[in-house]
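Structure, as structure tokens:
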Amino acid sequence: MGLRDPQYVVARPLYSEDAFTDEHEKIHRHHKTLRHHVKQYFTCDLKRAKNAALSLLPFIGWMRIYQLKEWLLSDIVSGVSTGLVAVLQGLAYSLLASLPPWYGLFTAFFPVIIYFFLGTSRHISVGAFPVLSLMVGAVVTRLVPDEGPPVNITGFEGLTSDEQRVMVAASVTFLMGIMQLAMGLLQVGFIVMYLSDTLVSGFTTAAAIHILVSQLKFVLGLVVPGLSGPLSIIYTLEKIFVQIEKTNVCDLVTSILIMVVVFIVKEINDRYKAKLPVPIPIEVIMTVIACGVSYAFNFRVIYKSPMAPNMQIFGQTAVEAFPMAIVGFAVAFSVAKVYSVKHDYIIDGNQELIAFGASNIIGAAFKSFAASTALSRSAVQESTGGKTQIAGLLSALIVMVVTLAIGFLLEPLPKSVLGAVVIVNLKGMLMQIREVPYLWRRDRPDCVVWVVTCLASILLGLDLGLAVGLGIELLTVVFRAQFPRCSVLANITGTDIYKDRKDYMSIYEPEGVKIFRIPSPIFFANIDFFRGKLVEAVGFNPLRVLRKRNKALRTIRKLLKKGELQMTSKGLLLTSSGPIEESEDESNMEELDQPTDFKDLPVQVNWNSELPANIQVPRVDVHSLILDFSAVSFLDISALKGLKAALKELIRVEVEVYIVACDEYILEKLHSCKFFDDEVKSSMFFLTLHDAMLHILEKHPVNSENTKVCEKRCQTLSWPTSVHSQELV
């Protein structure tokens, strides 16, 4: 070790938890009761009312700091750019929802307005999201199929097929909004944490494949009924390939041409985004070209007035609405979190739920379908200089202008064009499949989550696939917690550092000492696993040893009583020459699990020495066991009982047990649950692993010759104790 190497020297007493508590007075904190929390929650004053208003209407906060000269021009450029993209994506994604194209424009307008007032993200672009649109489309085609009569619903009388579909889409969106709003008001925004990035990636990749298949009929110009439910993608592909000879060559050529041009220009946008003031709106350009000369077509005639949701549809779509609510929020929150970190501001998950809930409820009343955000559209809003949701508001105005003024130009737009636009925009989601090899190399449980979620979502449908993926993800969490990677630690020579003994060459292990580490909480599901690994680490089963010892004591007592065993100066001596059988008396089996009792014997038995009468008892070479609890964050009641039983078994076979680095909360729980008694004492708890090791070496001195080599190579890190000769080096 060089003279200039950074070092630190510690000189302090050796601390057990009890010794540390005696020497250092703790501050007694009064924990708030449930009654106090409830009272505080319902107490209102001027400051709290102001904070509540700012929380419910976040736009007030950023409007107060709005820098008019610096931000307004950027927001205008961003709003116009995003609005053009939103128009095209709204039209295209309405096909995924199995609705007439113009209803996608409503989704790009009404939810944006509501989110402006209630949302906490300044950069996401609210509107149609392809995965969510596809989930809406699955519900729509189930209740109003392309072929055959619709489901018997009272509100369908006198409506055309398109109007029935609009009612279904609006109603399921309304129900989805109610669920999101309720979750936001109940402060359960944390639910999104259960959807990992891996799960969302696998799910959206599967959704992209669903979307790709759903657009093939438009690209090929075929008439294929919309299908939903398990294996629907297989049946859809079957129907497409059965009539593949009927392909409309004009639609196919148009789609391929548009896809090629759009793909090339989007690649140019990505490569030269630093030099381009705004991305080239190639989708808009190609769509305008494809429209050609249009006939007068006025959306205002179609739009009419707000509509009420159908309560009968609520009952038919509740199962699908919930995963839609979760997916819509999870995707939006994930995108919002990316931009909030990049631009250094805070977003509130619960307020986002409220914002999207209100946006979908009000949007559904005006015939829009489920709204979330799309990464590509949000990227346009942020990359073109958008600073606040003023850009989102302006994008909504662009959509309104298109809807009310020039919407008639879009009337002759072929669906193959929109299908091509949708397919090209799937690139990002489809390329997520490249994550699989990386996940397989780095984290196989995560890879399993990705693959199972993707396959289940493809084969079973997006709603069931999401449920399966979530189930697999929770199983992996349980698996990791239930079967953690326990390890036996050893001292790194010359330090107070302890690492897995399998990983390092220069280690020091005092004879008779084992250090066992469990890197997870201990609870009802893994307490048996923990006890099994502990037995494996110490090299013997303490309960089996204890029972063998008590059986041996029974035999010794019988032999003494019969006079076949006598006490001599050399210990117990067998006087009988005949064969002696170990006692097989199985009565009072409970006594075999009790501590060994020598009170009626003339001598205390040394279990590691040779016993008389050929009595065999397993040898125990461990005199001290240290349990490293530094990674144990909680113990439940089942774990407390199992841990206490394990400790008693070890103590009864004369193994001294020490628990180190235990969390203060766990210690308090142990005291409150009456964990300690005459056998399991609080004195076994030590502040650090090194404290416990020094204490053990003080009680069980080791041959100093074993450490001479280390002393020559390493500086000794010693902590003063009452016996200084037992320093660990």
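One is the number of the first residue shown, and numbering goes on along the chain from there.
Each residue, glycine too, has its Cβ placed from N, Cα and C.
A quick note: this is a predicted structure, and the numbers were derived from the prediction, not measured.
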Segment assigned the feature transmembrane segment in TrEMBL (from 38-57, 218-237, 518-537): 218-237
Long-range environment of the transmembrane segment (72-96) - Cβ separation under 8 angstroms, sequence gap at least 6: 102-108, 125, 127-130, 133-134, 136-137, 211, 214-215, 218, 277-279, 281, 283-284, 287, 369, 374, 376-377, 380-382, 384-388, 390-399, 402, 410, 413, 415, 418-419, 421-422, 425
CB contact flag for the transmembrane segment (318-341) and the transmembrane segment (102-119), at least three pairs under 8 A: no
Criterion met for the transmembrane segment (448-472) and the transmembrane segment (126-144) (at least three Cβ pairs under 8 Å): yes
